[in-house]
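Database features, via Swiss-Prot:
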| type | residues | note |
| --- | --- | --- |
| ACT_SITE | HIS264 | active site, proton donor |
| BINDING | HIS78, HIS237, ASP241 | Zn(2+) binding site |
Amino acid sequence: MIRQRTLKNTIRATGVGLHSGEKVYLTLKPAPVDTGIVFRRADLDPVVEIPARAANVGETTMSTTLVNGDVKVDTVEHLLSAMAGLGIDNAYVELSASEVPIMDGSAGPFVFLIQSAGLEEQDAAKKFIRILREVTVEEGDKRATFLPFEGFKVSFEIDFDHPVLKGQTQSAVVDFSSTSFVKEVSRARTFGFMRDIEYLRKHNLALGGSVENAIVVDETGVLNEDGLRSEDEFVKHKILDAIGDLYLLGNSLIGEFKGYKSGHALNNQLLRKLIAETDAWEVVTFEDASTAPISYMRPVAAV
């Protein structure tokens, strides 16, 4: 049987919030079967919990924000992408501030943290959401779609009217039956344009942003000394974001996601539409792992 997974051990890290610029302590903890991923604002008394579910998404400007009343957790998508990529079903994410630390702008440091904590299989079947028919949302020329597919595939196309991105690969397809999330997607960093930074900072966004945790682009090129990690890093990061946003369904997906210029807002609209259209999906488990269209790396022992 494909089993649910949690962390073997508790692990901690420190970083800064991309948008808030605040120092934040992050603690990842094991959680019981059927808990899901739950964020905890440990700096508040009493502690406030926010389950990582599509219905709890509040703000989607520049990142995905979860809310519970007037309490929020910003920029959850990169950590959730790492959880999805490693097949973690159940975990507590404790934070000392209102934003997940940005680390290096990718999911790579979170993958390392989770692997360092070790993965533990639990005594319950992992639940997948299988897409049964097409579901699409559109906004202007932006589009996000779910399609049936025996496995998990993400295809994405971006179209930035910017001289630097015009010369870069702007579309990618990742079929996770043959491609490793860790190798192909997890290290793609978030990116930002110099021309937008003044506006963002005026609106209290990107206060913690720098070439240490983002690809920074001006009209002539990439400002990061070491350049890009891959020529398709921009579009691969959009795939990373989408995987994190999609994990707000609360389960791993069996299906295909297609995004055209989609972002956090449209991704969330697609999830809400899918959840509402109950004939478009079903929950499945696999007693025999060999019959499953998706496989996960074997749990690694904690280092």
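Glycine is no exception: its Cβ is also placed from the backbone N, Cα and C atoms.
Swiss-Prot feature annotations superimposed on the structure.
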residue	record	Cβ within 10 Å
HIS78	Zn(2+) binding site	32
HIS237	Zn(2+) binding site	26
ASP241	Zn(2+) binding site	25
HIS264	active site, proton donor	22
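For the pair HIS78 (Zn(2+) binding site) and the residue listed as 'active site, proton donor', the C-alpha distance works out to 12 angstrom.
Distance from the CA of the residue listed as 'active site, proton donor' to the CA of HIS237 (Zn(2+) binding site) is 12 Å. Same-chain residues with CB within 8 A of the center of the HIS78, HIS237, ASP241 CB atoms, the Zn(2+) site residues themselves not counted, are GLU77, SER81, SER106, ALA107, ALA188, ARG189, THR190, LYS238, ILE239, LEU240, GLY244.
Separating the Cα atoms of ASP241 (Zn(2+) binding site) and HIS264 (active site, proton donor) is a whole-number distance of 8 Å.
HIS237 (Zn(2+) binding site) carries a helical DSSP state (H, G or I).
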